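Engineer: The structure follows.
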Amino acid sequence: MSQYRTFTAQDAVEYARTFGGIDDPSTLVEAQEVGDGNLNLVFKIFDTTGVSRIVVKQALPYVRCVGESWPLTLDRARLEAQTLVAHYQHCPQHTVKIHHFDPELAVMVMEDLSDHNIWRGELIKGAWYPQAARQLGEYLAQTLFHTSDFYLHPHDKKAQVATFINPEMCEITEDLFFNDPYQIHERNSYPAEIEGDVAALRSDAQLKLAVAALKHRFFSHAEALLHGDIHSGSIFVADGRLKAIDAEFGYFGPIGFDVGTAIGNLLLNFCGLPGHLGIRDAAAAREQRLTDIQELWNTFAERFQVLATEKTRDAALRAPGYASEFLKKVWADAIGFCGTELIRRSVGLSHVADIDTIQDAEMRHECLRHAITLGKALIVIADRIESVEALIARVRQYS
């Protein structure tokens, strides 16, 4: 049995030689730490020709950006590996491949995606991958349908829910999405110039009631095995290709949470684009984001509907029209969760480069206000936004 230790670069090389599945392991000679996240060490392993061949990822026992004063369970590495393995089973074309996992060392070996780019960085530059939103919709439909009650036998579903209980990581989500932004808290981070906007969140009783309902759904609706953190920084893209990574927040929760988080990150980019591009380029890129949102939802809903028609095993859930009614509830959830993503990324602990890297301070503050205003509106009126076209109309209204 392995005993946990924090990997050095040389440890990562030796581990990749043993478990990387490379025909000639001796060609692996160097590791470079590339992780910019808060929770893990990530090493790219290079061969003698300087080509990156494999990735080694190890969970740390604390939140990196805070330090050892915020400890974290190492079991999240098991949950991430098992979530990605399950998602790969149902959607291999859009899920990173896990070659090996060691629960004692909290380390996994996975495919290298050096020929891809992180989607967030591409979106900030104004680069458009026309197929990416449809591919993300396909990933969400395949992974969420095949881990839901529509497809799984009830006994299997209940056993999987137990396997994927992830209380410590869920608590982080519960705090950062549903608690911190609506109270004075030391984890919150925002410029003093928007204090009035943030104070308005804390005093908005209608908003806080709607957020409470969303948190309750996050607590209690074990609908499918979520990725749990499906933002544009956890997605790699290349021409015609897309892969999801980083699933340590995976657990059985409301389907609308994954869908809403994905849409929310596209809207965060929408809000930040005027701070990165000229007027015409920003306007064009914003239209691309709205197209992305429409294609993401339409692909997800259409594919989920087809899968439900063809593969639903439960007799009651096969009732004509039920899948459509279920998707209406998923949509309403998604709009609300989307709003919480917009707000928590603007005023909470974890921000996004789409807005934080805007050089002009006044423009950055304006983009933050835009995200907060849009997020508030979506949370409060989620049940009145009945279609993706209505969502896009609302986004235009608040822009």
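Just so you know, glycine gets a Cβ as well, placed from its N, Cα and C.
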Engineer: Among Asn40, Asn265, which is the one Swiss-Prot gives for the ATP site where Lys57, Glu111, Asp112, Leu113, Asp246, Ala247, Glu248 also bind?
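Structural biologist: Of Asn40, Asn265, Asn40 joins Lys57, Glu111, Asp112, Leu113, Asp246, Ala247, Glu248 in the ATP site that Swiss-Prot records.
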Engineer: C-alpha of Asn40 (ATP binding site) to C-alpha of Asp229 (substrate binding site): distance in Å?
Structural biologist: 15
Engineer: For the binding-site residues listed here, Asp229, Asp246, Glu248, which shows the highest count of neighbouring CB atoms within 10 A?
Structural biologist: Glu248
Engineer: Which site among Lys57, Arg344 has the most other CB atoms no more than 10 Å from its CB, taking these as binding-site residues?
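Structural biologist: Selected residue: Lys57.
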Engineer: Cα-Cα separation of Arg344 (substrate binding site) and Glu248 (ATP binding site), in Å?
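Structural biologist: The separation of the Cα atoms works out to 19 Å.
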Engineer: According to DSSP, collapsed to three classes, what secondary structure does Asp112 (ATP binding site) have?
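Structural biologist: DSSP call for Asp112 (ATP binding site): coil, neither helix nor strand.
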Engineer: Which entry in the list of binding-site residues, Leu113, Ala247, has its Cβ near the fewest other Cβ atoms, using 10 Å as the limit?
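Structural biologist: Leu113, out of the binding-site residues Leu113, Ala247, has the fewest neighbouring Cβ atoms within 10 Å.
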Engineer: Within its own chain, what residues at least 6 apart in sequence put their Cβ under 8 Å from the Cβ of Asp112 (ATP binding site), listed in sequence order?
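Structural biologist: Listed in sequence order, they are Lys44, Ile45, Ser52, Arg53, Ile54, Val55.
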